[in-house]
Amino acid sequence: MTPVTRQEVLGLYRKIFRIAKKWQSASGQIEETIKEKEYIKSEAKTLFRKNKNVTDPKLIKQCIEECEARIEIGLHYNIPYPRPIHLPPMGLAHKQGRTLRHQEKLRKISKPIYLKSHDEVS
C-alpha cells in the first residue's frame with residue numbers, strides 16, 4: 001500500500017468515527033441513536049479489519065469507493081445501515097438449469113458498490 005493510499009484509508013476510518021460521534025438517529029430517540037452509533041463503529045471496525053491485508057491496488061480502490069458511497073448514502077438518508085437493492089427473488093429468469101445460473105450472474109453484476117462487502121460480513 002502506498003503512503004498516499006494508507007493516508008486516504010486512515011482518513012476515511014477517522015471520518016467514520018467522527019460521523020459516529022456526532023450521529024443523531026432520524027427518530028430522535030436516545031436509545032435508537034446509541035444503537036446506530038454502535039452499529040457504525042462496529043461495522044467500520046469489522047470491514048476495515050477484514051480488508052487490512054488487501055494489497056491489490058484495484059481492490060483497495062474498490063474498497064475506498066464502497067466506503068465513500070456508504071458514507072454519502074448514510075448521511076444523505078440519515079440511515080447508517082446499507083440500503084438494500086429491490087429485485088424480486090428469482091425475478092430475472094426461469095428457475096431451471098442454465099437460466100438460473102444466468103440469473104444469479106445478473107444479480108451479482110447488478111449489486112451496487114455499497115453492498116459488495118455487506119453480505120460477506122453479515
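Even glycines carry a Cβ here, placed using N, Cα and C.
Nobody curates TrEMBL annotations by hand; they come from automatic prediction.
Now, the feature entries from TrEMBL:
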- 7-71: domain 'Complex 1 LYR protein' (DOMAIN)
Summarise the model confidence on the domain 'Complex 1 LYR protein' (7-71) as a single mean pLDDT, whole number.
93
Using DSSP, how many residues in the domain 'Complex 1 LYR protein' (7-71) fall into helix, strand and coil?
52 helix, 0 strand, 13 coil
